[in-house]
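> Reproduced below are the annotations present in Swiss-Prot:
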- 221: active site, acyl-ester intermediate (ACT_SITE)
- 353: active site, charge relay system (ACT_SITE)
- 467: active site, charge relay system (ACT_SITE)
- 88-116: disulfide bond (DISULFID)
- 273-284: disulfide bond (DISULFID)
- 214: N-linked glycosylation site (CARBOHYD)
- 276: N-linked glycosylation site (CARBOHYD)
- 388: N-linked glycosylation site (CARBOHYD)
- 1-20: signal peptide (SIGNAL)
């Protein structure tokens, strides 16, 4: 009788412990580096445990500027993890970009610091013995010069799909990608930060209820390009098991800086650090304050259209380099050789990638006065390095896209100009990458997202999906802002389900959703909108045109799809 009473008390205590784990307002987890105390929130009746500002590296300050990240210092006692960490130092429009992607009812203003190697974790509350959950690690976009983990809210996706979400951030711009193309500054610091975060996930995510053996990378724009690049990096092998690239791959022209020493010398010149010795140059830049480095960054005028400058001298961004270690070779060469991670890959584009956000940031004049064929030709001339075309090919592009357009139809001219940029960059790079992964025998799923979100209030309404619009639906924006209609909520649920299914199994289908065909030789893809449809051969004729241009430039690297 006595042992029955003891056992009953034990079971009662276990149940109370489990219940406490589910409902405590100040959840704690023990990581490899120390104990964290987070906070609990609810999505409907589902409790979500949130841990903010979790260090995955030592602060990249002093001698660690322009150096690989190092593991974080362990701490004693309980570390508070209830405050959003500062984003990495970045361009001033990073705050605007953060407002654009935010799905919170009230916007959280970002802070910025060079001490920024932190991540945020959103995990469904669990009872002891519950099975481990799939892990999804988000890579922010921002042209490698803006972006922050705290711009994103993960509670809806984590709660509705029972996944553990990790939002990372990494060094940006000069801090993240300065390279002298030698041992004094090899570059790719931002990519190394990403891999340090992924190693932290492998070591610690089980404490949050996540499965380190089921990690999916997903990201947008520059984040999507980074993921595509990590799929070609031997240093990232074993750190993830599936990958999703939204509006960007490593074949995007912006991903690789082809002459990093030239860029480093320009940075040094603007900073007053000119020197023939790259060692002295780097040490001089390392000694500057973060504020001074950002003043130099502002003078570089990244991502700015400039009609007065020689297009060959325009530096669009600071970005990764082929260093032989992190990125062993040109991404196109690696893809051609099939040197990619053997993991399922889901990727896609939006149908109006160059509609408002990017033209606004890049100061593209798309107003009525500027929309003339002569002005568009000048724009193409100025952006030809971004579009990856030669000056001799500019007239061919004008003929292909503008030949049958009335000179006075400024709206059609604007639409064609937007088509040129998105086709030459996002669409071409995405489709080519999909083909190479498919031909390597890997599962590939392709999409085109087509719906503009009513809840994105910082830009004008359009009839299609601008760059980044899909994130509003992926992170449950229609449920958070109160500005969406029922159909948008249904689309959001559908997207969350597709993405989470892919994270669970490597296949977005589950029998309850419209079938998403695998991307094979028939080139079928999913058109995501209120009515989901299957398309075939996305922009086939235009892609054939761009293929012919690029083949004529470097036939030794290109091949037909």
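Just so it is clear, glycine is given a Cβ too, placed from its N, Cα and C backbone atoms.
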> Any idea what DSSP makes of residue 88 (disulfide bond), helix, strand or coil?
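Where residue 88 (disulfide bond) sits, the three-state DSSP reduction gives strand.
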> Taking DSSP as the reference, which of helix, strand or coil describes residue 284 (disulfide bond)?
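In three-state terms, residue 284 (disulfide bond) counts as helix.
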> Which one is it: of the active-site residues 221, 353, 467, whose Cα lies the shortest distance from the Cα of residue 284 (disulfide bond)?
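Of the active-site residues 221, 353, 467, 221 has its Cα closest to that of residue 284 (disulfide bond).
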> Measuring C-alpha to C-alpha, could you say which of the recorded positions 116, 273, 388, 467 are within 10 Å of residue 353 (active site, charge relay system)?
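Passing the 10 Å Cα cut: 467.
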> Could you round the CA separation between the residue listed as 'active site, acyl-ester intermediate' and residue 88 (disulfide bond) to a whole angstrom and send it over?
17
> Would you identify the secondary structure of residue 214 (N-linked glycosylation site) according to DSSP, in three states?
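In three-state terms, residue 214 (N-linked glycosylation site) counts as strand.
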> Quiz question: given the recorded positions 221, 276, 388, which has the greatest number of C-beta atoms lying within 10 angstroms of its own C-beta?
221
> Of all the disulfide-bonded residues here, 88, 116, 273, 284, which one's CB has the most other CB atoms within 10 A?
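The residue with the most neighbouring Cβ atoms within 10 Å is 88.
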> How many Å separate the Cα atoms of residue 276 (N-linked glycosylation site) and residue 388 (N-linked glycosylation site)?
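Roughly 31 Å, rounded to the nearest whole number.
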> For the C-alpha pair, I'd like the distance in angstrom between residue 116 (disulfide bond) and residue 214 (N-linked glycosylation site), rounded off.
26
> Can you give me the Cα-Cα distance between residue 388 (N-linked glycosylation site) and residue 88 (disulfide bond) in Å, rounded to a whole number?
29
> Counting every protein chain present, what is the number of Cβ atoms, excluding its own, within 10 Å of the Cβ of residue 467 (active site, charge relay system)?
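Residue 467 (active site, charge relay system): 26 neighbouring Cβ atoms within 10 Å.
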> In whole Å, how far is residue 467 (active site, charge relay system) from residue 273 (disulfide bond) when you measure between their Cα atoms?
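Answer for this pair: 37 Å between alpha carbons.
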